[in-house]
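Annotated features in Swiss-Prot:
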TOPO_DOM  51-84  topological domain 'Cytoplasmic'
TOPO_DOM  128-139  topological domain 'Cytoplasmic'
TOPO_DOM  161-178  topological domain 'Vacuolar'
TOPO_DOM  200-283  topological domain 'Cytoplasmic'
TOPO_DOM  305-333  topological domain 'Vacuolar'
TOPO_DOM  355-410  topological domain 'Cytoplasmic'
TOPO_DOM  456-518  topological domain 'Cytoplasmic'
TOPO_DOM  540-560  topological domain 'Vacuolar'
BINDING   G672, R673, V674, G675, A676, G677, K678, S679  ATP 1 binding site
REGION    877-899  region 'Disordered'
MOD_RES   T889  phosphothreonine
MOD_RES   T916  phosphothreonine
MOD_RES   T934  phosphothreonine
CARBOHYD  N1011  N-linked glycosylation site
TOPO_DOM  1053-1095  topological domain 'Cytoplasmic'
TOPO_DOM  1139-1209  topological domain 'Cytoplasmic'
TOPO_DOM  1231-1235  topological domain 'Vacuolar'
TOPO_DOM  1257-1559  topological domain 'Cytoplasmic'
REGION    1420-1439  region 'Disordered'
Amino acid sequence: MSSLEVVDGCPYGYRPYPDSGTNALNPCFISVISAWQAVFFLLIGSYQLWKLYKNNKVPPRFKNFPTLPSKINSRHLTHLTNVCFQSTLIICELALVSQSSDRVYPFILKKALYLNLLFNLGISLPTQYLAYFKSTFSMGNQLFYYMFQILLQLFLILQRYYHGSSNERLTVISGQTAMILEVLLLFNSVAIFIYDLCIFEPINELSEYYKKNGWYPPVHVLSYITFIWMNKLIVETYRNKKIKDPNQLPLPPVDLNIKSISKEFKANWELEKWLNRNSLWRAIWKSFGRTISVAMLYETTSDLLSVVQPQFLRIFIDGLNPETSSKYPPLNGVFIALTLFVISVVSVFLTNQFYIGIFEAGLGIRGSLASLVYQKSLRLTLAERNEKSTGDILNLMSVDVLRIQRFFENAQTIIGAPIQIIVVLTSLYWLLGKAVIGGLVTMAIMMPINAFLSRKVKKLSKTQMKYKDMRIKTITELLNAIKSIKLYAWEEPMMARLNHVRNDMELKNFRKIGIVSNLIYFAWNCVPLMVTCSTFGLFSLFSDSPLSPAIVFPSLSLFNILNSAIYSVPSMINTIIETSVSMERLKSFLLSDEIDDSFIERIDPSADERALPAIEMNNITFLWKSKEVLTSSQSGDNLRTDEESIIGSSQIALKNIDHFEAKRGDLVCVVGRVGAGKSTFLKAILGQLPCMSGSRDSIPPKLIIRSSSVAYCSQESWIMNASVRENILFGHKFDQDYYDLTIKACQLLPDLKILPDGDETLVGEKGISLSGGQKARLSLARAVYSRADIYLLDDILSAVDAEVSKNIIEYVLIGKTALLKNKTIILTTNTVSILKHSQMIYALENGEIVEQGNYEDVMNRKNNTSKLKKLLEEFDSPIDNGNESDVQTEHRSESEVDEPLQLKVTESETEDEVVTESELELIKANSRRASLATLRPRPFVGAQLDSVKKTAQKAEKTEVGRVKTKIYLAYIKACGVLGVVLFFLFMILTRVFDLAENFWLKYWSESNEKNGSNERVWMFVGVYSLIGVASAAFNNLRSIMMLLYCSIRGSKKLHESMAKSVIRSPMTFFETTPVGRIINRFSSDMDAVDSNLQYIFSFFFKSILTYLVTVILVGYNMPWFLVFNMFLVVIYIYYQTFYIVLSRELKRLISISYSPIMSLMSESLNGYSIIDAYDHFERFIYLNYEKIQYNVDFVFNFRSTNRWLSVRLQTIGATIVLATAILALATMNTKRQLSSGMVGLLMSYSLEVTGSLTWIVRTTVTIETNIVSVERIVEYCELPPEAQSINPEKRPDENWPSKGGIEFKNYSTKYRENLDPVLNNINVKIEPCEKVGIVGRTGAGKSTLSLALFRILEPTEGKIIIDGIDISDIGLFDLRSHLAIIPQDAQAFEGTVKTNLDPFNRYSEDELKRAVEQAHLKPHLEKMLHSKPRGDDSNEEDGNVNDILDVKINENGSNLSVGQRQLLCLARALLNRSKILVLDEATASVDMETDKIIQDTIRREFKDRTILTIAHRIDTVLDSDKIIVLDQGSVREFDSPSKLLSDKTSIFYSLCEKGGYLK
């Protein structure tokens, strides 16, 4: 066809160019493009218009077609006018075309104009009108249509400017008028586009409607894909240098509402369990598969586009070849360059949409799994809780859940990498033909090698997670028992134990993983080289065509994509392995045995049923593990004998509980010696133990609870890290009157007066700032305030002194005015005074009820074999006889339940207050409902800390501004400077040899092109292979240096330093810092240092080097590129400057918002039995949702900020591709014209720049954010320490103290600087070997005195002198290791009895056994020796135990009762040869008989030592040489008991009189 042959009125037909010599587009081709784009937008616009019309998320009056309001926004009216004006201009163009006499215009032009007119009038105008009333954002089809119009009109104007005067046929419409119309269309399109992009605002009524409903208004598509919606936050944060209000951040999409997605995920998981498939993978896919699929579709499209790019590169290089360049005009090269640019930009948008979508899915998965783990942890049986330590469960949250999140966030690599490999190989086949088969064979050979190595990594990864669990468990236990560790001076063995797990197990295994991973990495790193060599070599040998630059460099681009895909395979394999291990661990946990209280028949009693017992138990045996687990292989026919043989006595918690009743309004007491099963009995009533039939097989087990509410007080008080008031309310509505009654009755008023902030005092983790008695009464107050029907109270009187005990009995339990007088109470106790007023007493022995009866009946029994009578006689003591006479009680009977109730609580310092029954019922009406305040979204934790309070919890420290240089230097120092230098050296050498590879390919291909054939193939392939092997070798050395030398060394040093710093911190640090926050440093932050930083730094420096090599290479050959690059660098720095401030602040918020999740988990695990008893699961689950939601909100904003920068910088990268191509075109036909080989090389590198900039952005951010983990670790490495452990200049003698004399001189101390003194001006001198009793009301400062002696508290003034030495002058280790103590909170550690008694290995086995026997612990250990630990199914380990010293102790001594743990502490004291022994309520949790035996042992074994005895039961110190009476931190009296008792005005006399000791 000739150039002037007319087709359908088109002089040049429909081809893109008129001819090869004309550097312009064919006007008819332009018209075709215009017509088709109009058709496309008509279709899309019609759909969007219909969707907009049907939108009902608007005010009611806008739901139908809205009419114009009387006052319309003037800007929007102008905008509608612009749209009409656009249509008018098109009509004018139609008129010009139709009435032209000079030129006949083609039909396609008229069609294009009509279609565009139809779009403007039929779609654009009604859409713009409706959007004002029914949309919060401008429509996407409008934005893209007018963007296209701007580009089209601009091109038409430029083509007219260059060619219109010489050839009118090259203009779409001829004449000056047409030019004016094109200019007007351009400016009008710009005006419409800018309005839609930046100015559009809906009617105010619609905006208010969205705010009213709490909806986050969506944004238009360009804002969505370019993240313009983040601009406001980014600019504000940059100006303020911090985030002003974390609670005002943009909300994440509805799909990230943790509460709703967690419920959906839980439903899917429950369905999986019901179908017996138990697949977590399937449950996750059902819940998040759609989001993941959409995101993966974006990335797959982007991957396909990246493969298309090299094909256009081949066309571009061909166009620069003098032999082929004459076929097309130079404009063709420009369009090819623009096509490469557009592909890059579209790929950028798709990639970033993929990332934000997949991150959204990952966050949802993490939030759902974390919620499910939390909920499951609250439902575990006692046996499962013994097996799964707090550290194990916290590790699931902090490591496993995060790994699964990362796996799904990298899901595209797992699926995309294989797709990329297939598509790239297909493209290579198209370019190189059958030579690609050589590459396929090479890849196939490597598969089995890597499969073998991958299996090895999986095995090692399982071991790694096991060791990580052990470490976190060890740290958790260490933190929970930190006070005992300091008192015993056990820091050194505990650090050695932790370091053993960390260094000798975890890091040693991590090193093995690194070695195997590096082998995989090296193998895969060689694959691209071998594929390239084999492919190019075979092509050169067997192809007739020369291996020219037009083939080499497009192939090289494809090989780079292949290299990237293959490069990700090793990490992909590791990710899959680690995730599968984590998934199995999570699945195992989620399938664990959980509390099943369905066997309990709960009845809300009607009026007719109130005479029936509140609790009934018949023919029931309780187990540590469910019968289904223990007898899974047993048939149902062999019911008793086989069950007993399989279950065994060691798995029975309570045996044959029969005919147990607690009548409504009765006080029922349960008694028994240490380890009899009293606490277990209460937990059984709560349904926390599985059960089976008792001795009567034919009768099913029965447990009936006729009540709607139960309150429970555990023996070890569970106190939340909150204020006193919040602990008492426990989520219930605040009622001032009943609250006041509660704190008075529970004897808390005097404590509130001395607490720094009254009932707003924050008590710290586990109530660490309270005494044991205060914690017990606070726990009791929580139970009383709940106003339940049934109360289960576990030995609540053991931790309080006699007077407080008497008042609690009178005002809470059985007195005439007692708050619980008409309630059903089951109380485990050994206090006879309360037993005398109970309606029934049950005696437990070895988990079985052996006898029952009321006090009078039992004591009148003539039978000397009565075990219960014997127990009661043992328990009887002066304290009990005395209390009876002082407590004003009436016998609790059933008839009292319905009598009018009058509560009267008398306090000596206040007026009497009376609450009648009718008033009380009004209080009770809403009492059990959780307060709405506990279920409202609360401000982020960082905003909750009240700095005004003296006891305010220390907010987690967050640095402001850039991460300081010293943090980077600290990490480099930890890694080792030499290792870091070698790492950089090997990295630079790798890039040098990579560059040499490509230059050799350029030389090879140009040589072939010049000769027209493939010559010296073996020489070229050989040299190329050698260079490639050198590159791979140096790359592997870089990896080895980073992982095996730098990273592991740095991790080891940082962990050791942090652990040492934490364990050496004073107790004030632990009182003000939640355990969860500390654990977060050792888990999440340490995991980031272990696993993330090494890869991030490697990728960062690799990307930097790639970018620098590209800039230098392209700039050297095209000097103008350096000018252009400088401009791009300025833009890069501009965006990075804005971005870095917000990203850093968000990362810090992410870190500190994660700590409350861990703290709540840790706290809930410790108090799960309380949460279960009060049925507060839903409230705590809500709190967990709330804390996870805050974290997710911050993470989503952080990820969106990353995408904001990524879009901009990757677009800069795409611009570099365009600039390189345009500059290459500019050199054509000049002296500096580049060879096709050089152009191919430069374009190959410029195509890599987008990817390099992407990685620079990602890794810069990730380094800046992950280094925050190092910053947080370094912060803990620099904690203010206690005094030095050993003072070399003033070390006491080995036998110090040799006498045991103690003198307090004007001694005062306080817990923290901002608190009032707790001990004031103490002046006491204790002679050697004196036995001194320390008495006083709970909270008087008795335990504080012992803490002062051990320098847990340092003096604010004065001093303590022991045997002539000021204890402030010597080291803490020398002091504490030379004193002995039996602390109030008895602690046991996971390990054996031996390691619990003698961690330093100082004593012989005979000495240890003697101490165990003297502490009366031997019978309990022998019983444990001949049975497995509760819930322990292991056969091997426990089967080999044949010595009581080797009996296993569970985490926190969970397989010992509180009393048994106190006996263990006594054994420790017996081993210590110290001349000074402190007994801090040492026998509070043991029965009377055991107490007497222990007291006799202490008197006998410690007769030649100084003993300070802190006691609640004053009878235990009446035989002391001296008595110290403390009151509000001051010594009120100090003399012998006889002298103090002879003075009837003395405080001690008053205490004894009130306690009944004078009788």
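Placement of Cβ uses the backbone N, Cα and C atoms for every residue, glycine included.
Projection of Swiss-Prot feature records onto the structure.
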residue	record	CB count, 10 Å
G672	ATP 1 binding site	24
R673	ATP 1 binding site	20
V674	ATP 1 binding site	25
G675	ATP 1 binding site	25
A676	ATP 1 binding site	23
G677	ATP 1 binding site	23
K678	ATP 1 binding site	26
S679	ATP 1 binding site	21
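Within the chain carrying the topological domain 'Cytoplasmic' (1053-1095), a Cβ under 8 angstroms from the stretch's Cβ atoms is held by residues 391, 394-395, 398-399, 402, 471-472, 475-476, 478-480, 482-483, 485-486, 491, 494-495, 498-499, 502-503, 510, 571, 721, 764-765, 768-769, 953-954, 956, 971, 974, 1042-1043, 1046-1047, 1151, 1154-1163, 1262-1263, 1266-1267, 1269-1270, 1272-1274, 1276-1282, 1285, 1311-1312, 1347, 1352-1354, all 6 or more beyond its ends.
Mean predicted confidence for the topological domain 'Cytoplasmic' (355-410): the pLDDT average there is 85.
Secondary structure of the topological domain 'Vacuolar' (540-560) per DSSP, as helix, strand and coil residue counts: 15 helix, 0 strand, 6 coil. Long-range contacts of the topological domain 'Vacuolar' (161-178) within the same chain: residues 11-12, 18, 22-24, 27, 30-31, 92-93, 96-97, 100, 102-103, 105, 109, each at least 6 residues beyond the stretch ends and with a Cβ under 8 Å from a Cβ of the stretch. Counting residue by residue with DSSP, the topological domain 'Cytoplasmic' (128-139) contains 7 helix, 0 strand, 5 coil. Long-range contacts of the topological domain 'Cytoplasmic' (128-139) within its own chain (CB-CB distance under 8 A, at least 6 residues past either end) are made by residues 45, 48-49, 52-53, 55, 58, 62, 65-66, 72-73, 76, 79-80, 83, 195-197, 200, 202-203, 206-207, 210, 217-220, 223.
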